[in-house]
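Asker: Supplied in C-alpha cells, the structure appears directly below.
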C-alpha cells in the first residue's frame, strides 16, 4: 500500500521524507537529527548516523524505543582533499538510517531495505549489486532464497570491507551493502566494486551480533542490533540521474549562486574550475550547520575545522575570480535550501552570516599576502617548498599549512612537512624558554620524584582545618628531609584541607603549622593528583613524617567558592540570553574575580549584559540549594550535565547541580546555596581571539566593594560637576557638545593662523617643466593644521603643484609629521602621494600612506628631517626633469 502513495520520488526532500515515512509505518520512532557537536566530550563531531545511538548500542543508555529511524546531519573532514575531485566525497552529508535495539534482525533489515529501494524508490533489480561478509552464510541465504536475487549479483568481501566494529573490542558484526550499477549492460562477469564510475554504494546494513574481547574472541551478544545508513546525497544522484552528487537539488542551487557571482558558467567551465564550484557547494552546507550548532571559528578543535573550511571557500572564490566578499550570499542560499528540514538555520540566520562575514574579511588579507609569496616560489621553478618557508607562511602571514600543501600540490610542488614541524617545535621551545620561571616548574628531582607519592586526599570540602602527615619536602625542586626558617619549599601531604589549583579555580592559601613551627602557604597546585603546598617557613623546622595541621584562609575560600558557583550561573544565563550553543573555552576562578571565556561570533550587547546580570541575580535571590553528588559519567551525561570538550573525565564524576538552573561536571569548591553569593556584577566583556569572547565578573564581597567604589565616584563627580547623580548623564553630554564646538573653533583659528602665516610660501615654489615644487619645514603645527596649510598651498599653486611639508609639532614629544599634496596634473603623470610619503617617512623611521593626491605620515627620528626633505625635493626634481610636457 505504501508504494502506491508516492508515484515518483525525485527531490532530496522527497527522498528523505519517503525514507522516514516508510520506516515510521513499520513502527520505527522518528528521531530528530542530533547536533553536529556531540554530547560526548571525547568526540569532536558527529561523523555517522549511528553516533547519537552509540550509548544505546554499548548498553550505556536506555533505548528511545525498540525501533528508530532518523536523518542525521554528519561532518567528516578526513577526505577533504577529495571534495569536489570525486563524484561523491563530502564534508557535510545527511545519513538516513533505521535502527533496531534488540528487536528485529537480519531478515527484516534485508527485506525492508529491498522493499524500500525497489518499491518506494523504484530502482530496478538489474541495477543493484549486493556485497556481504564472506563468512555470513545467513545473509547470503536471505538474499538468494527470500529476496530472490541472482547469486551472480552477490559479491563476497573480507573483514576489511564488510565487517563493522566499534573498536578493537566491543560490539561488532558483519554488514551487507547495496550498490547501484550505472552500467548494467557491461554484465556480471567482471564486477569490480572499486570501479567508482560504474558502482556507487548507497545503503549499508550492519548486523551487530558479536562482542569481541581483548583476545580477539567473538561471542554472541544477548541482544542483537541493526544499524543502517543510506547517504541522502548518493540516493539523490541515482534518482535524479546526475553524474555526481553536486549537481543534485541538494547542492546545485548553491553552485548556481556562485556561478552567477563569478560570471562563469558552471557547465561550460573546465574541470579545475568545476572543482572550485563543488567545494563551495559542499563547504557552504558544512559551515552553516557548524555555526548553527554553536561552533565558532578558532585555532582549536571544531573551531579550527570551521575556520579551515571557510578559508578554503575564500581561496576557491578567488580562483573563480571573485574579488568581493561573497560567502554570505551563497550561505543564504544554503540556509534557504535546508531551513524547512532544519529550522535552527532560519532561527540562527543572523548569527551564521555574521560569523561567516567576520572570518571572510579577516582571511582575505592573509590570503593575499600569502598567495603573493607562494606565487614567487612557484614562478621560481622550485619543486620543493622548504620547511622554513612553509613555516614563514604560517607564522608570519597566518597561512595554514594545509592551504600551502593544497596550492603547492596543484602546481606539482612538494612541501617539506618534517622541516615545517622542526621549525614549529623550535618555536615552541623558544616560547617555552622565554616564559620559563622557577615558580613550581616540574624540573630536576621534582619531575622524577613526584610519581613516588600517593594521591593526596582532599578533605577540605566542608572542613577548613585538619591533621595531615608530611610525605615529602621539595627545596629548589629537589627532595630534602627537612625545611628550615626562611626557606621556600613545596610540601607534599597525605591529605589536605587546601584546594589545589585546577579546573580554572586558584588554590587556597593559609598556614601549615605544628606546635612550634609555621609555613605561610601562598599557593597550592595539583600535579599528577599530588598537591604541592608552596610557601615560606616563617619559623621552626619541618621534617618528613611529621604530623602537622593545615589551616585554610576561610575568607579567601569563601570568595573563590562564590565566584565558582557564579561562573556556573553565568554560563547558564549566557545560554539562555545569548545563544543556547554557548560553551566554555576557558575560565579563571580567583578570590577577587571570575573570568569566563566562551564561543561567540560578535560582542555581547549592553542589553544582553543587563539581562544576563539580572538573570543571575534572580537565581541568587531565589536561594537555590546546590546539590553535589558523585555518579557514573554516563549517568551524569544522560541527566544533561555539561562536560567541557577535551577535558579528561574518569568513569566516576562529580556533578554540581543547581536544580532547574545549572548542572555541570566539576571538581571545584562551591557555596551551599545561591544566596551566599550576595550579588553578581559583570565588569567587562571583550574579544580575546577570533570567535572567543571573555567576560570578567564579580560576586559576593568583591561585587559589594565594586558598587561602593562606584557610588563614591558618582558622588565625587556630582560635587565636581554640580549636578545630582540622576543629572550626570545629561551634564556630561552637554559638556562634551560644548567641548566639540570649542575644539572646532580652535581648529578654525589654527587653520586661519596657518593660512596667513604660510600662504606667502607659494612664492618660494620652484618651477620644473611647468610644475611647481614646494618642499618646506613648518614646525609647531598639529596634523590637521599642517594638512590645511598643504591644501591651501596646493590650491594657490594650481593643478600642476607638488607640495611636501614636514615638521615637528611639539619639540618635547620628538615626533615628526609629513604631508604630501599633489595637483590633478601631477597625479595624471604618474606621481602618487601615498607612495611618495612612505619613502620620505621611512628615512625618519616612520610610515604612512594615503590617496594618489594626498597623504600623511608620522615618524620618530627628528634628526633626519632635513635629509628627508632634501631627498623629497631631489626626487621630485628628477621625476619632473624626465617629463616632457606635450
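Cβ atoms here come from the backbone N, Cα and C positions, even for glycine.
These figures come from a predicted structure and were not determined experimentally.
Pulled from Swiss-Prot, these are the listed features:
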- 564, 568, 666, 670: Zn(2+) binding site (BINDING)
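What does the local environment look like for each feature on the list?
Answerer: According to DSSP, residue 670 (Zn(2+) binding site) sits in a coil region rather than a helix or strand.
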Asker: May I ask you to report the DSSP-based helix, strand or coil state of residue 568 (Zn(2+) binding site)?
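Answerer: DSSP call for residue 568 (Zn(2+) binding site): helix.
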Asker: In sequence order, which same-chain residues at least six apart have a C-beta under 8 angstroms from residue 564 (Zn(2+) binding site)?
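Answerer: Set apart from residue 564 (Zn(2+) binding site) by at least 6 residues yet with Cβ under 8 Å, we have 505, 589, 594, 666, 668, 669, 670.
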Asker: Out of these binding-site residues, 568, 670, which one has the fewest other C-beta atoms within 10 Å of its own C-beta?
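Answerer: Ranked by other Cβ atoms within 10 Å, the binding-site residues 568, 670 bottom out at 670.
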